[in-house]
Amino acid sequence: MLYLEDYLEMIEQLPMDLRDRFTEMREMDLQVQNAMDQLEQRVGEFFMNAKKNKPEWREEQMASIKKDYFKALEDADEKVQLANQIYDLVDRHLRKLDQELAKFKMELEADNAGITEILERRSLELDTPSQPVNNHHVHSHSSGEKRKHIPSSHHSTTDHVPEKKFKSEALLSTLTSDASKENTAGCRTNLSSSSTNNVYNVNSSQPLTSYNISSLSTGAAAGAITMAAAQAVQATAQMKEGRRTSSLKASYEAFKNTDLLGISLSRDSASYSSSALASTLTQTLTSSATTDSRSGRKSKSNNKSASQQSSSSSSSSSLSSCSSSSALAHELSHQQTAAIPESDTNSQVDWTYDPNEPRYCICNQVSYGEMVGCDNQDCPIEWFHYGCVGLSEAPKGKWYCPQCTAAMKRRGSRHK
């Protein structure tokens with residue numbers, strides 16, 4: 001995993017080598033320019049004095065001027081060769097970097113399948129300028145925190161850490177794989193301990209994001225989706241009991257329509273996401289139900305029958321919470337499974353193109369496949385892909401691009 005250190009050590013001398021070669025190329029360029037200026041002056045003097053001197057002198061001067069021209073041409077060729085050597089040097093280091101990145105990607109994929117695509121997308125999101133944030137979801141941040149994104153919570157207790165490593169590890173955090181067993185166990189525990197205040201205190205004091213954090217080997221995309229949905233349900237659980245049912249549906253609709261940082265689900269993590277989400281939703285709703293029952297018992301501590309009624313209502317709330325979370329998880333599973341083909345299609349990102357490679361054609365893409373050149377010497381684009389200009393084979397005779405053709409027609413109509 002020391003690819004970065006090895007590569008940095010390899011290119012340590014590259015800046016000095018490039019500086020020396022560019023300096024040498026600049027000196028050769030000045031030498032050629034000075035030689036050309038002197039030759040132009042000699043040619044002018046030669047033609048001025050040609051009629052006054054003998055033919056032998058003219059031939060001698062002509063041969064000397066030609067010799068100096070050939071020498072300047074050789075220096076110019078050497079300068080071009082030096083530029084090609086510099087290009088090959090940089091290109092060789094770029095190819096080496098691509099190879100090292102490919103090896104590092106293979107190691108990451110071996111440990112966590114599909115993690116490289118998530119990290120690449122996250123890196124692109126961090127490099128793109130931040131968009132205006134909705135005030136209903138996230139408080140306004142300072143310019144130093146523009147790159148931090150909080151999914152859908154009104155309250156933020158996470159300190160800003162700019163390192164990508166921390167954010168990547170946060171994406172790797174997932175919930176337990178056996179969520180269905182924990183879902184049932186959570187319901188039973190809530191029913192059996194409805195009269196114990198210590199259990200209520202523990203459940204209500206733990207933050208939602210601390211539930212069921214397990215190993216990094218499971219799907220990171222499923223963990224991110226589960227965390228976002230759980231935070232939405234946590235905000236719902238804090239509302240009044242009369243508004244909780246309708247607001248839970250609204251929270252689910254808002255979660256379903258959210259892009260969730262652009263992370264696409266893989267087929268392997270879809271089923272896992274639904275089960276882990278069921279476990280998290282169960283614990284959240286169970287915690288809210290027990291909190292309501294605790295407040296009810298606290299206000300009626302002197303009435304024994306009222307306390308028993310509160311305990312029974314807590315049990316019924318727990319049962320309804322478990323059934324609601326299971327139904328919501330089942331519905332989410334269907335939504336995720338239906339969205340998998342589209343997300344797989346849209347998530348195909350080509351990472352092989354060099355960002356410094358020239359762009360051509362009206363599509364502003366790199367050179368690939370068969371291309372045709374515009375015969376207009378002043379064409380700003382010059383090269384076009386066959387498919388972009390509606391060609392299936394090489395055109396016969398001269399060919400002009402649509403822009404140049406339209407410009408020529410406009411000039412022709414003006415002359416008429």
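In case you wondered, yes, glycine gets a Cβ from its N, Cα and C as well.
Remember, it's a predicted structure, so these values are computed and weren't measured experimentally.
Here is what Swiss-Prot records for this protein:
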| type | residues | note |
| --- | --- | --- |
| BINDING | Cys361, Cys363, His385, Cys388 | Zn(2+) 1 binding site |
| BINDING | Cys374, Cys379, Cys401, Cys404 | Zn(2+) 2 binding site |
| COMPBIAS | 136-152 | compositional bias 'Basic residues' |
| COMPBIAS | 156-165 | compositional bias 'Basic and acidic residues' |
| COMPBIAS | 177-187 | compositional bias 'Polar residues' |
| COMPBIAS | 189-198 | compositional bias 'Low complexity' |
| COMPBIAS | 283-293 | compositional bias 'Low complexity' |
| COMPBIAS | 302-319 | compositional bias 'Low complexity' |
| REGION | 126-165 | region 'Disordered' |
| REGION | 177-198 | region 'Disordered' |
| REGION | 283-319 | region 'Disordered' |
| SITE | Tyr360 | site 'Histone H3K4me3 binding' |
| SITE | Met371 | site 'Histone H3K4me3 binding' |
| SITE | Asp375 | site 'Histone H3K4me3 binding' |
| SITE | Trp383 | site 'Histone H3K4me3 binding' |
| ZN_FING | 358-407 | zinc finger |
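Overlay of Swiss-Prot feature records on the structure.
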| residue | record | Cβ contacts under 8 Å, 6 or more apart |
| --- | --- | --- |
| Tyr360 | site 'Histone H3K4me3 binding' | Val366, Ser367, Met371, Ile381, Glu382, Trp383, Phe384, His385 |
| Cys361 | Zn(2+) 1 binding site | Met371, Ile381, Trp383, Phe384, His385, Cys388, Val389 |
| Cys363 | Zn(2+) 1 binding site | His385, Cys388 |
| Cys374 | Zn(2+) 2 binding site | Ile381, Glu382, Trp383, Phe384, Trp399, Tyr400, Cys401, Cys404 |
| Asp375 | site 'Histone H3K4me3 binding' | Lys398, Trp399, Tyr400 |
| Cys379 | Zn(2+) 2 binding site | Tyr400, Cys401, Gln403, Cys404 |
Problem set entry | Other residues, Cβ within 8 Å of Cys361, Cys363, His385, Cys388 Cβ centroid (Zn(2+) 1 site) | Tyr360, Ile362, Gln365, Phe384, Gly387, Val389
Seminar exercise, completed: Cβ density check for Cys388 (Zn(2+) 1 binding site), other Cβ within 10 Å (all protein chains) comes to 16
Exercise. Just counting, how many other CB atoms are there within 10 A of the CB of Met371 (site 'Histone H3K4me3 binding')?
Worked result: 16
Exercise. If you count other Cβ atoms within 10 Å of each one's Cβ, which of the recorded positions Trp383, His385, Cys401, Cys404 has the most?
Worked result: Cys401
For this session: Mind tallying the zinc finger (358-407) by DSSP state, helix then strand then coil?
Result: 9 helix, 8 strand, 33 coil
Problem set entry | Residues close to Zn(2+) 2 site centre defined by Cys374, Cys379, Cys401, Cys404, Cβ within 8 Å | Asp375, Asn376, Ile381, Glu382, Phe384, Tyr400, Pro402, Gln403, Thr405
